[in-house]
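Peer 1: If you scroll down you'll find the structure; I have some questions about it.
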Amino acid sequence: MSNDTAFPPNLLPDEASPEWFNKADNAWQLTAATLVGLQSIPGLMILYGGGVKKKWAVNSAFMVLYAFACVMFCWVTWGYQMSFGSKLLPFWGEANVALDQKYLLDPAFLGKFPNATMVYFQSVFAAITLILIAGAVLGRMNFYAWMIFVPLWLTFSYTFTAFSVWCPDGFLAKMGLIDYSGGYVIHLSSGVAGYTAAYWVGPRLTKDRERFPPNNILLMLFGAGLLWMGWTGFNGGDPYVVSTDASLAVLNTHLCTATSLLTWVALDIIFFRKASVIGAVQGMITGLVCITPAAGVVQGWAAIIMGLCSGSIPWITMMVIHKNSELLQKVDDTMAVLHTHAIAGSLGGILTGLFAEPKLNRLFFGSSGHYIGLVYGFDDKSRIGSGVRQMGVQFIGILFVVFVNVLTTSIICILIRLVVPLRMSNEDLEIGDDAAHGEEAYAIWGNGDRQENSFYRGSINPKIELPVNTNRAARQAEKT
């Protein structure tokens, strides 16, 4: 049959759209990647900026902006190939660029679209992982230390887990670990790495730890809303195809998240007699994280069960265990990433091992193979062993990710502090954004609105001379 009769005119293959290329899949993949990008820029940028004390709004948002840009550059110059390229070690790929025209226009390792699309899609996943780590060290990490931390951690931690879990040559991928969209690679990694980094950086000022109110809860909610809606691309894009499985993943994502949020709010009301907005955001995040490793391989009823678990178990670890543990309180985890990402991510991985349905695994992986949840192993007596094995693989994955991130994050932090301090000085911590960047988020005329160390201290109207206070201590006295 000729091409003229096999395809409508607008779908005929040509040099820009070869026969292996699927326009619909490519369009969705680019859209999904952009939705994930929006979770960071501006989603987490304004969630962090609104969720911290006023004096840290600029610094917190800027940490996100810098990380997103830095990861994009590092990703195409060496990170992508180390995560998805030729095998160097069972957990690591060979470093190489992803910039050559021929390479970028060739088919990706999965999906019916070019490498250029896959590189972009995976870059926004890598970026959000670093940005989630930032949540643990907001309000005191030296920005120059953060600038060094981002490329080092991407290179010597993220690429390890990404290759091991997601690359077809990775040892955990070959073992049959189920991580649909990053419960291990992104959330467990960022939660463990963030908590470890927080330990090495040290705590905020005592008064900031005791009272650290959000400077703008409505802005924080806007960022949280972008995070939630952006998860449509986060989980819906990981089948790498416009499929029924992608649709199921999207529905399960929102179903689990809604259930988790409602569960968290219910527990707040029962035990604290108030429905907390910040608590609702935490419940939303734990739901999103928990469903991520399972999104397209579990049924709707399992998504609801996962939502009930993600809205209650991290609530218990955060609101009960953490508050009564002197050991856990020694580490200052600003945004509680240990609970919202490490605990919720581990929980999602375990529940995936329970509820992964054989047919859905076949739709996602192309072959059911040994992918089967323990629940279905018991249902099919001949596959009980496979179900038990799946649970074992899921636990092995958790142990590997925890070990890698504690070790590499610790080494990176120790090396960085040989060059620059990890933590800002106590004097600068008293001041915040002005000390770090010479800028403030909410400037009031005549009260610190222009700083002598700002690059942009000049007036828009050259005929107007703006007041400049050159005494930092005096400015601080005015604020307090």
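Heads up, the Cβ atoms here are built off N, Cα and C, so glycines get one too.
What TrEMBL records for 27-442 is domain 'Ammonium transporter AmtB-like'. Annotation comment: TrEMBL describes 27-48, 60-80, 119-138, 143-164, 184-202, 214-234, 246-270, 277-295, 301-322, 334-356, 395-420 as transmembrane segment.
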Peer 1: For the transmembrane segment (119-138), find every same-chain residue at least 6 residues outside the stretch whose CB is under 8 Å from a CB in it, and list them.
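Peer 2: Beyond its ends, the transmembrane segment (119-138) has Cβ neighbours at 29-30, 32-34, 36-37, 39-40, 44, 48, 52, 56, 59-60, 63-64, 67-68, 70-72, 75-76, 79-80, 83-84, 98, 104, 146, 150, 153-154, 158, 162, 182, 185-187, 189-191, 193-195, 197-198, 201, 234, 237, 333-335, 337-338, 341.
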Peer 1: Which residues, given as numbers and ranges, are at least 6 beyond the ends of the transmembrane segment (184-202) yet have a Cβ under 8 Å from it?
Peer 2: 125, 128-130, 132-137, 140-141, 145, 149, 153, 157-158, 161-162, 165-166, 177, 289, 292-293, 330-334, 337-346, 348-349, 397-398, 401-402, 404-406, 408-410, 413-414, 417, 422-423
Peer 1: Using Cβ distances below 8 Å and needing 3 or more such pairs, separated by at least 6 in sequence, tell me whether the transmembrane segment (246-270) contacts the transmembrane segment (301-322).
Peer 2: yes
Peer 1: Average the pLDDT scores across the domain 'Ammonium transporter AmtB-like' (27-442) and report the rounded value.
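Peer 2: So the average pLDDT across the domain 'Ammonium transporter AmtB-like' (27-442) works out to 95.
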